[in-house]
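Data block below; observations after.
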Amino acid sequence: MEDVAKFLFGISGNVIALFLFLSPVPTFWRIIRNKSTEEFSGVPYNMTLLNCLLSAWYGLPFVSPNNVLVSTINGVGAVIETVYVVIFLVFASNKKARLRTLGLASAVAAVFAVVALVSMLALHGPARKLLAGLAMTVFSICMYASPLSIMRMVIKTKSVEYMPFLLSLAVFLCGTSWFIYGLLGHDLFVTIPNGCGSVLGAAQLILYAIYRNNKGNAAGAGKLQGNDVEMSADGRNSKVADGDDRGAAGLTKAGKMASQV
């Protein structure tokens, strides 16, 4: 019965994570249409790619038995994130942005290659699982911490315009599904990071409940820079998905959260 429950939560996590991985598609449609990455950063997609690669590696039977559902969704996520990174390389707004993205992609490949080769050639059994699990956990927690900046923005502007409810709910459900999956499988490397993700997802829902009727401080939101520009686009893009044509960037953080399995 426990194995059946674990399988069902794993399937649920796969479905929700796939939705989150695909959520930045409108962003990339905009990039392709405009033939420019504009002010968007390729950093989140490269980091998500690394996380997917490490998680997919961890879930392989010869690394971590009985975790194939971790490999399936992260393998798909790695393919999707690779496409995103390639689009960034092709449509980079300038040479500097292209070189930066290429450098990050090379670093991602190097880190993954080191972890994979060391765990495969130098380690065996529990030691192999330990190295791969630690690498996955560290990057998963870092990724799950990334929405803290948008939560800070919500508190500062007293507006949830840039933190869509459905996205926050999906993040919470995804983290919770994989947290329970890890508990049922007695796997701390899955349980710990996704437990953090579930808590942060719940915190986003609480913030939404507090500020959902508040128009907030639009001027404060307009001062955002860097990655916050991408996060602010998250909320606007949810309106594009609903048929609003005001033009927006993508759900960058959604793809990142999906990788935390």
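Backbone N, Cα and C atoms are what each Cβ position is placed from, and that goes for glycine too.
Here TrEMBL flags 236-247 as compositional bias 'Basic and acidic residues'.
Under the heading region 'Disordered', TrEMBL lists 235-261.
What TrEMBL lists as transmembrane segment is 6-31 (among others).
The transmembrane segment annotation in TrEMBL covers 72-92 (among others).
Taken from TrEMBL, the feature transmembrane segment applies to 104-124 (among others).
Among the features that TrEMBL reports, transmembrane segment is placed at 130-150 (among others).
Annotation comment: TrEMBL describes 162-184 (among others) as transmembrane segment.
Proximity of distant same-chain residues to the transmembrane segment (190-211), defined by a Cβ-Cβ separation under 8 Å and at least 6 residues beyond the stretch ends, is recorded for 67, 70, 136-137, 140-141, 144-145, 147-148, 151, 154-155, 158-160, 163, 165, 168-169, 171-176, 178-179, 181-183, 257, 260-261. Residues or ranges marked as transmembrane segment by TrEMBL: 190-211 (among others).
Packing against the transmembrane segment (72-92) from elsewhere in the chain are residues 13-14, 17-18, 21-22, 24, 28, 31-32, 35-37, 40, 42, 45-46, 48-49, 51-53, 55-56, 59, 98, 101-102, 105, 255, 258-259, 261: each is 6 or more residues past its ends and has a CB under 8 Å from a CB in it.
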